[in-house]
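> Once you've had a glance at the structure underneath, I'll fire off some questions.
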């Protein structure tokens, strides 16, 4: 085996272990924020939505800067620094007793994420061959689901004692993740050339096809982020106990572990990437609309199952498509900018979703936020269809297995 192939194989295993750790620790804390501050402390959902939206916007919206800096200086220093900053954010969250302190803790967490997330994504593009990326992204997403369940179970168990214990555990584990990367992550460069920060950003902004694709995905993310805000609140409201939230993530894990990789393998040879993305989005949109009208957990979990199945169909195609469009001369910048749709859609989804949820309760129309999310999903579906029309998009980009 050549040294290059050996480095790629070792890199794959490192990425898988590192991804599992990061996802697990994230889900120890973040799914419980809405339960802690809305249900236990009585805050308005919009206040928590602002905090979650701020974290999302900072982490993803500034990703192009984090990626461009990583293009210049390498992945390792950015990843280690970002993880330590997220640990500081979790520690601050544990003592939050006013909205501004929760917002500040989410700001720190988001800033840490904008430092470590783009270089980690760029390492996947660097180390995984193009024909293997779709399957590798599926493996990462299966890990995401398993990590989400384990993290949510651990967080829910710790919440029985004290939310400060939840946050302290998250902070300590992120410090351990930083030490793991500092010790084992080689000093890899992300791009084929040492790209100046400004040049990497310029390359991305001049790529109109990529920019349009990323911004269109904002509507997709408005739906996707509700697994962190409105869905946990809905499950808690109907079940009457925050312990039921862990079953929501257990459903996601079961579906992902059993369906994600087989669906990706089967569909990659039969359907274009954009068809898989749009089909998943359509299923997610249809499953959102009736959620506000359900009256028991069985009905709610059935719709959540449908939502997760849509995500299982869409996510590998979305990630593979983003990676295939990245310029090898500025991988960090591209993967950083690819998060802008999540920044915009996530911020609007959290803040707007929280506001609509409060409004629906005030007007005794609980279906209001879910109907609006379904409409946004359909509009995004149509926008993607327009963008991916053959007159506008090169055929090579859309071929099965591309």
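Cβ coordinates come from backbone N, Cα and C, glycine included.
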> Could you check which of 118-138, 244-264 is flagged in Swiss-Prot as transmembrane segment?
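Based on what Swiss-Prot states, transmembrane segment spans 244-264.
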> Tell me whether residue 163 and residue 389 fall on the same side of the membrane, as recorded in Swiss-Prot.
no
> What counts of helix, strand and coil residues does DSSP assign across the topological domain 'Cytoplasmic' (117-138)?
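Summed over the topological domain 'Cytoplasmic' (117-138), the classes give 20 helix, 0 strand, 2 coil.
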> Mind checking how the topological domain 'Periplasmic' (235-243) divides into helix, strand and coil residues in DSSP?
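Across the topological domain 'Periplasmic' (235-243), DSSP assigns the residues as follows: 7 helix, 0 strand, 2 coil.
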> Given a Cβ distance threshold of under 8 angstroms, which distant residues of the chain, six or more beyond its ends, lie next to the transmembrane segment (340-360)?
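For the transmembrane segment (340-360), the sequence-distant neighbours (Cβ-Cβ under 8 Å, at least 6 residues beyond its ends) are 44-50, 52-54, 56-64, 214-226, 228-230, 233, 292, 366-369, 372-373.
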> Cβ under 8 Å to the topological domain 'Periplasmic' (235-243), counting only same-chain residues 6 or more beyond its ends: which ones?
32, 35, 39, 156, 159, 294-297, 300
> Going along the chain, which residues at least six beyond the ends of the transmembrane segment (244-264) come within the CB cut-off of under 8 Å?
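Non-local partners: 27, 31-32, 35, 134-135, 137-139, 141-142, 144-146, 148-149, 152-153, 156, 227, 231-232, 235-236, 238, 297, 301, 304-305, 308-309, 312-313, 315-316.
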